[in-house]
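Record features, source TrEMBL:
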TRANSMEM  B:12-29  transmembrane segment
TRANSMEM  B:41-61  transmembrane segment
TRANSMEM  B:66-84  transmembrane segment
TRANSMEM  B:90-110  transmembrane segment
TRANSMEM  B:117-138  transmembrane segment
TRANSMEM  B:158-179  transmembrane segment
TRANSMEM  B:191-208  transmembrane segment
TRANSMEM  B:214-232  transmembrane segment
TRANSMEM  B:263-284  transmembrane segment
TRANSMEM  B:296-314  transmembrane segment
TRANSMEM  B:321-338  transmembrane segment
TRANSMEM  B:344-363  transmembrane segment
Amino acid sequence: MSVATHESGSPAQTTEPVLELTGIGKHFGAVQALAGVDFRVHPGEVVALVGDNGAGKSTLVKIMSGVYQADSGRMRVEGREVHVHSPSAAQSLGIATVFQDLALCDNLDVVGNLFLGSELGSNAWMDEVAMEKESWRLLRELGAKIPTVRIPVASLSGGQRQTVAIARSLVGSPKVVMLDEPTAALGVAQTAEVLNLVERLREQNLGVVLISHNMADVQAVADRIVVLRLGRNEAEFRTVDVTTEQLVAAITGASDNVVAERHARRVPPATETGEVEA
Amino acid sequence: MAPVSTARLGRLAPPLALVVIWLVMTLINPRFLSAVNLTNLMLQIVAVGAVAVAVVLVLLIGEIDLSVGAVSGLGAGVTAVLSVKQDWPAVLAIIAGLLTGALVGLLHATIVTRVGVASFVVTLAGLLTWQGALQLVLGETGTVNLDDPQLVAIAGTFLSPALGWLIAAVITAAAVAAVVVHLRADRPRRVWPWVLAGTVAPVAVLVFNADRGVPLAVVVFLLLLAGGDVVMRRTTLGRHAVATGSNASGARRAGIAVDRIRMTVFALASVLAVTGGILAASRLLAVNQSSGSTDLMLTAVAAAAIGGASLFGGRGTVWSALLGALVVGSLANGLDLLGASSAIRLIATGVVLALAVGLDTVAHRAERQPFTEHSRPGR
Ligand SMILES: Nc1ncnc2c1ncn2[C@@H]1O[C@H](COP(=O)(O)OP(=O)(O)O)[C@@H](O)[C@H]1O
Ligand SMILES: [Mg+2]
């Protein structure tokens, strides 16, 4: 399997990738979740990672965030080869993750969740005042609407919880933020708010990895779209060059027939930007 | 009913229950509220209270420790034997007892974290094992009478009235200072705990001084509570413990060494249990085979749950132990005064426990249903 390369278009593409993975493999027992997957994200770029259920998206995110270790392949942060053996190692490398289940602690308040694992203070002693101030600053920066930072997150709405989880990823000034299905459980208005947050992250020149099932969301905010299928790179597109039909075809694997044929007929290969091969 | 108020009801129920029990007991027998009886009540609850603190800590990380009673007996037994049979000085004997607790706690936690056996089962096995170990430690006679004056003094000492007032003055002054600071802060904070502490302290000293004075054992218990509260609310250990009980996998992904937290909390809890055991031994003037009884464990677990520590993990404070021990202790003490049989006492405690855990379950469910415009319950 090979993936089409493109002429560099957006400014992000001309910079060095902030995070780059090559030849990543991972299996769970007999299940080959990932095989030879390449992935990269540049500063100030939103890369969408799409694929059918079980394509390996969450597994790839968990490898990048140190929850799982890859069986094979390399990972580079700003060109330097790294080994991410734990979530805290990923954090200290500047890789932050908003997990699909948000990983919030319901019994802790917003401040407690935002700084969980990276509390402010000296040694074991926490500085609650500093954390509360910093919490408000983070939330304001994101334009987030949270009534108070001193209530348990259990009593927040779904969108507010997602906001808290995203704000939490910004504690410790990361270089890359990964969001696993951030809008899956949200209504229309709350989804729009989360997409706004994603654009704020890009404005701050962070590399953003967005996993989503929703093609409309992906096409609304992503600069580049990487399609995984059955644990392999299936295709890669620049968002401006791709139609929803092409995306869906790549995701479902229909690319080797109808869509590919249409594609081949429509445009000469030289200007091809999102070529798909089986 | 709005879920928010259900959750709040869950938190208000334990203090309300205490007030109701005190009112009813006093109405039936005014002697309940006498200085002598209230002092006795406090002396009765310190041991169970200390063990209940241990239970609260373990509940906070989402585990359970059924061995706290047996461990408290074993630790106290080690202390007693070293003091009486080996003539160790009191301080060293106590340290050895506490260390025994720490080792036992670490052993339990190692099996829980490394082998992956549920803490329920590990500590159930521990309960049996350490009860047996206590019998071995105590030897043929099955009982060791304390003769060390310092060990006896822990529960037998009452502070002079002046010293009692000094303590009350310090607490009240600290409370006033805290309230002033909190009210001046640019963001409002809860002041009622300080207001409560500042008012209760002088009243309590007044009552104690009308009898024999402030019991040293009560001071030890309160120091334990205050220390535990600071650790749980102000340090990363406490924060990470709550996170572990709340969402262990989330806590792990936040970079927290969850297993290390479990080891620390289990060890700490066993040390607290031994502290309770030593307090009990000092009051009894002996350690015997019933020192590590299941009754102590059951009462402590009941107290923790009644006081508001959630069996679902992540919710509760060390003050839950005080509150729960007061509820359970007041019931027992009051019913004793009335000449009620132990059958009645067991039934009353059981009913209160069932009510408390029922409320906890309702509050837990309510908290999981956020009250927003999209998910407003109702029909
Ligand atoms: N912890 C695990 N244990 C076993 N199999 C797993 C585990 N995590 C993922 N898998 C398997 O790996 C494949 C990819 O899963 P996943 O990364 O969750 O896909 P996606 O997020 O794209 O839906 C699936 O076949 C899934 O069943
Ligand atoms: Mg997934």
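From the backbone N, Cα and C atoms, a Cβ is placed for every residue, glycine too.
Panel annotation: around the transmembrane segment (B:296-314), residues 10-11, 13-14, 17, 47-49, 51-52, 54-56, 59-64, 66-70, 72-73, 127, 242-243, 245-247, 276, 280, 320-325, 327-328, 349, 352-353, 356-357, 360, 364 of the same chain, lying at least six beyond its termini, place a Cβ under 8 Å from a Cβ of the stretch.
Most Cβ pairs under 8 A with the transmembrane segment (B:41-61) among the ranges B:12-29, B:90-110, B:214-232, B:321-338, B:344-363 are made by B:321-338. Nonlocal intrachain contacts for the transmembrane segment (B:12-29), taken as residues 6+ away from its ends with a CB within less than 8 angstroms of a stretch CB, comprise 306-308, 320, 323-324, 326-327, 330-331, 333-334, 337-338, 352, 355-356, 359. Remote same-chain partners of the transmembrane segment (B:344-363), defined as residues 6 or more beyond its termini with a Cβ less than 8 Å from a stretch Cβ, comprise 6-7, 9-11, 13-14, 17, 299, 302, 305-306, 308, 310-312, 327-328, 331-332, 335-336. Counting same-chain residues at least six beyond the ends of the transmembrane segment (B:263-284), those with a Cβ under 8 angstroms from any Cβ of the stretch are 43, 46-51, 53-55, 57-58, 60-61, 63, 65, 67-69, 71-77, 79-80, 94, 97-98, 100-102, 104-106, 108-110, 112-113, 119, 146, 151-156, 217, 220-221, 224, 228, 237, 241, 291-292, 296, 300. With a threshold of 8 Å between CB atoms, the same-chain residues lying at least 6 positions outside the transmembrane segment (B:191-208) that come near it are 35, 38-39, 42, 158, 164-165, 167-169, 171-172, 174-176, 178-179, 182-183, 214-215, 218. With a threshold of 8 Å between CB atoms, the same-chain residues lying at least 6 positions outside the transmembrane segment (B:90-110) that come near it are 65, 67, 71-72, 74-80, 82-83, 119, 122-123, 126, 130, 148, 150-151, 262-263, 265-275, 277-278. Packing against the transmembrane segment (B:117-138) from elsewhere in the chain are residues 58, 63-71, 73-74, 77-78, 80-81, 104, 107-108, 111, 144, 266, 287-289, 291-292, 294, 297: each is 6 or more residues past its ends and has a CB under 8 Å from a CB in it.
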